[in-house]
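To start, the structure itself, in structure tokens.
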Ligand code: ADP
Ligand code: MG
């Protein structure tokens, strides 16, 4: 993969694709992490003499030029962070771009052909600068005009954020510290089956938590009550059980149950994994939490995707908290992917205690599964 080191940046106008897909409440940005995550690349470009940086980004999924998806609040916030105005152009045209070292173009999803990787649109983007840098890891699993088509038309390379994501995520697969422990939880087995399979091939131990465990229990004929248990996940779970090496796959041995998915619901712990009718499993139990934390602490490297329970609800937080705290304590390389897993770490104030917190949900899972990311491939 080409990086900033492979590009002629001195005096260049650099088109940079960034991931500024921030959560908005009206026009208020409720979390500007993604904007701040682009600052190191912008600083590096400045240091290497770039004449102008032209930012391309998407926001939400507008079907046309819908004003609520304008990047205006993002340009304003970036301007505050940089301490200078960031002009926003309506169209990807050279003579519409504002002056100044950093300028932006409106939401790329406003332009017909963006998500179809349209060659004419890519050529319009390419005409904005001399060099292309892709720093939008979160969009790298899509081949769109602003991250794929343009890269074929200009000298191009990865920005610092994208480079770090790819190197860390492929590193934990290719050359992990041993033992490698993978923790897979969350709510949808069918979304994560590829990740599970990738880790069955490489990890010494795979810990299952969250609602992921119920298709595994159902496949073994264990009652799941009204737990969230994806029907379509049962067959893949059966295959995973059949393919795992002895002792490699760990399932919870106790559970915390609730009557419903609510913070004020009646709860009980069961020492065992049979969920009675009228109850749902909403967290791993204390015994499992302690056991998983111990395994994390003696790991050489850990990859975690998916919370151990419904951590948003106070009674079902402890399992996820125990694993997160073990991740924070250990000296092992710790990599976290997934939006809710990141939200859990933030809820516990531990987001800076892991080695790498991936910014790209779908992209990080696809990379772990061994899929090729078009936005990355095109840079090699
Ligand atoms: P990530 O975004 O980290 O990939 P997911 O989106 O797969 O994670 O899963 C997160 C969601 O899973 C959370 O909203 C959490 O409440 C839910 N969840 C975890 N365990 C359970 C459970 N036992 N029952 C129902 N929901 C659960
Ligand atoms: Mg999620």
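The backbone N, Cα and C atoms fix where each Cβ goes, and this holds for glycine too.
Summarising the annotation, TrEMBL assigns substrate binding site to 19, 20, 21, 34, 58, 59, 60, 61, 109, 142. Among the features that TrEMBL reports, (2R)-3-phosphoglycerate binding site is placed at 34, 109, 142. As annotated by TrEMBL, ATP binding site applies to 192, 281, 312, 338, 339, 340, 341.
Feature annotations (TrEMBL) mapped to structure.
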{"residue": "21", "record": "substrate binding site", "DSSP class": "coil"}
{"residue": "58", "record": "substrate binding site", "DSSP class": "coil"}
{"residue": "109", "record": "substrate binding site", "DSSP class": "helix"}
{"residue": "142", "record": "(2R)-3-phosphoglycerate binding site", "DSSP class": "coil"}
{"residue": "192", "record": "ATP binding site", "DSSP class": "helix"}
{"residue": "281", "record": "ATP binding site", "DSSP class": "strand"}
{"residue": "312", "record": "ATP binding site", "DSSP class": "coil"}
{"residue": "339", "record": "ATP binding site", "DSSP class": "helix"}
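Long-range neighbours of residue 341 (ATP binding site) (same chain, six or more residues apart, CB within less than 8 Å of its CB): 185, 186, 304, 305, 306, 307. Proximity of the binding-site residues 109, 142, 281, 339, 340, 341 to ligand 2, judged by a Cβ distance under 6 angstroms to any of its atoms, singles out 339, 340 in sequence order.
It is 109, among the binding-site residues 58, 109, 192, whose Cβ has the fewest other Cβ atoms within 10 Å in the structure shown. Residues 340, 341, taken from the binding-site residues 19, 34, 58, 109, 340, 341, are distinguished by a CB atom under 6 angstroms from ligand 1. The two recorded residues residue 281 (ATP binding site) and residue 109 (substrate binding site) have their Cα atoms spaced 40 Å from each other. Set side by side, the binding-site residues 60, 281, 338, 339 differ in how many other CB atoms lie within 10 angstroms of their CB, and the most is found at 281. Sorting the binding-site residues 19, 312, 340 by the number of other Cβ atoms within 10 Å puts 19 first.
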